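Asker: Let me begin by handing over the structure; questions about it come next.
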Amino acid sequence: MTADPDTARSANRRDLEQGIERDFSRRMSYGDYLQLDRLLSAQHPLSDPPQHDELLFIVQHQTSELWLKLLIHELRSARALLAADELPQALKRLARVKHIQHTLTDQWSVLATLTPSEYAQIRPFLATSSGFQSAQYREVEFLLGNKNADMVEVFAHDPGARAELQQLLAEPSLYDEFARYLHRRGYAVPAAVLDRDVTQPYRQDDDLVSVFAEVYATPHEHWGVYETCEELVDVEDNFQQWRFRHLQVVQRTIGQRTGTGGSSGVHFLRRALDLTFFPELYAVRAQVG
Ligand code: HEM
């Protein structure tokens, strides 16, 4: 029966349309497709007596991990597209990467509502677990080029994660693929960059800075490359903003205390702000104009 729209409006209710599916006994529902029964039953607070704020802590971490999963998916694809000389498609991927990064950074404001007193109620139940042990976070770092073989050993207890990271360590990063792309396009990328041991942390090469200096001196002649450089700088900038917001939240929650993962805490995290993925793209800025 179709209700009179005016009557429904005055009753402040929305009548369901006839075509709307209601019987999911034999059809796939929203919850079926998304496996919400599994997803929403994966939050298991450990505090005893139960602490109200532990669910926030768990959900914030789990949602971060979901976004990291998508970030890895997009970064892997961007890297493959660059390797296949599909630059516009790779840039499309990076556009999405940047939005995911913004979401990850913005969501710190939710956890920032956790006071030191509230965190102190949960901390004993976290034991030695720490975001430092996030395999997906390391995968993102490796994909972007922040290689560190020591990080692989943190996952000795988890053969799947360890193998994944070991493989990414040995593969070229997004930036390595960009350098190879530039080489194929005729740019004078130094052999030291092209032949580098990709398992090692990326080190700045001054000859590559000179290549970018030419791009930035005459952007219109190098538009696709110039645009890609700026996209990469956006990605690094966004990554640093995530690190900084994490640092700020840690500082307001535990101050100068050590972390559950065993580090010095804020001091250790602050040192990550000195790490860079694309050093030449920052060095070139001093040479423009
Ligand atoms: C109140 C909440 C949080 C506190 C107090 C905190 C504290 C810390 C501390 C002290 C470290 C250094 C390692 C250690 O000793 O444990 C760390 C590392 C880390 N945390 Fe958090 N964290 C919080 C929330 C989060 C959230 C929500 C995420 C999201 C996934 C996260 C991800 C990470 C990552 C990826 C690292 C490694 C960073 C690096 O290696 O530079 N943390 N955290």
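Cβ coordinates are placed from backbone N, Cα and C, and glycine is handled just like the others.
Annotations in TrEMBL come from automatic prediction, not curation.
Feature table excerpt (TrEMBL):
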BINDING   Phe57, Ile58, Val59, Gln60, His61, Tyr119, Arg123, Thr260  substrate binding site
BINDING   His246  heme binding site
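Each of these features: where is it, how hidden is it, and who are its neighbours?
Answerer: The Cβ of Val59 (substrate binding site) lies under 8 Å from the Cβ of Gln43, each of which sits 6+ residues away along the same chain.
Following the DSSP three-state reduction, the secondary structure of His246 (heme binding site) is helix.
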Asker: Where ligand 1 binds, which of the binding-site residues Val59, His61, Thr260 are close by, with Cβ under 6 Å?
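Answerer: What lies within reach of ligand 1, judged by Cβ under 6 Å, is His61, Thr260.
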Asker: Between Gln60 (substrate binding site) and His246 (heme binding site), how far is it from one CA atom to the other, in Å?
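Answerer: Cα-Cα distance, Gln60 (substrate binding site) to His246 (heme binding site): 12 Å.
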Asker: Expressed to the nearest Å, what is the distance separating Arg123 (substrate binding site) and His246 (heme binding site) at their Cα atoms?
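Answerer: Checking the Cα atoms of Arg123 (substrate binding site) and His246 (heme binding site) gives a distance of 17 Å.
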Asker: In Å, rounded, how far does the Cα of Thr260 (substrate binding site) sit from the Cα of His246 (heme binding site)?
Answerer: 15
